[in-house]
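In Swiss-Prot this protein carries:
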type	residues	note
ACT_SITE	R146	active site
ACT_SITE	K170	active site
ACT_SITE	H237	active site
ACT_SITE	R240	active site
ACT_SITE	H263	active site
ACT_SITE	Y272	active site, O-(3'-phospho-DNA)-tyrosine intermediate
DOMAIN	1-85	domain 'Core-binding (CB)'
DOMAIN	106-285	domain 'Tyr recombinase'
Amino acid sequence: MKRQLEAYCAHLRNERQVSEHTLLGYRRDLEKVIAYCKEHGIAEWQALQIQQLRQLIARLHHHGQSPRSLARLLSAVRGLYRYLNREGLCQHDPATGLSAPKGERRLPKVLDTDRALQLLDGGVDDDFIARRDQAILELFYSSGLRLSELTNLDLDHLDLAAGLVQVLGKGGKARVLPVGRKAREALQAWYRLRGIGNPRDRAVFITRQGNRISPQAVRLRVKAAGERELGQHLHPHMLRHSFASHVLESSQDLRAVQEMLGHADISTTQIYTHLDFQHLAAVYDSAHPRAKRSKGTDS
């Protein structure tokens, strides 16, 4: 079992090119399954059955593992069995039909509008790194891109004159998104320093060496901007969440937000309606004369 796990991890790293962070999580989850199998005398993946996997999930849940973590474990198991089936090493998948226990859906963290503007309106030095980072921040917030969508952008995916960007989302689905004026200005300023004809790579965002910027490097640059401008932890997906929340708050058009985010299912987008309600509730509590509570009262 361990040998086949190593082969699967090599497949993920070399052929699927998953990040080391994702690979570490998958390996950790699948090693839990191997430990359970060893404990119960199961020597090969083919011998693991749905009842036993269900028992493992129940045990982990009983010991405090979150529904989110258990869902990730099941995803890792399904991925492994897809690989084993494709390689002719197994003929079934014990995770078929299994789902993790339901948990409360956590609302995504967002910046309010003032904080978003504070982040983006700070002074920008006219140098390579500063202009690139500003363009990255503006494009995340302007168009709601995923991290992978941003780092995979090539120069011909952007039409600044038309204010459009074409991205390739999950499942290889392409979509075209608007790019706002501030983001276009930031990109034009970045292009002047990027040297479009010089670097080897056609990526929109590159390093000083002329190579496509990595997702990890973008995470670190966004984190640094959050600490510098806002004094808080910031990650790329928070800018995507903020984009979605602010567009929905202004437009009330859930379907349009779904299309811009590239969500296959509108139920995924509906999480932002809860954020919008939170905002409306906060406005009500601060503005309505009968909503304000006296200090010390809780009823």
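Even glycines carry a Cβ here, placed using N, Cα and C.
Positions of the features from Swiss-Prot, shown on the structure.
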residue : record      : Cβ within 10 Å
R146    : active site : 18
K170    : active site : 11
H237    : active site : 15
R240    : active site : 22
H263    : active site : 17
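Ranked by CA distance from K170 (active site), the active-site residues R146, H237, R240 have R146 at the top as the closest. Across the domain 'Core-binding (CB)' (1-85), mean pLDDT in this model comes to 87. R146 (active site) and H237 (active site) are 7 Å apart (CA-CA, integer value). If you measure from the Cα atom of R240 (active site) to that of H263 (active site), you get 13 Å.
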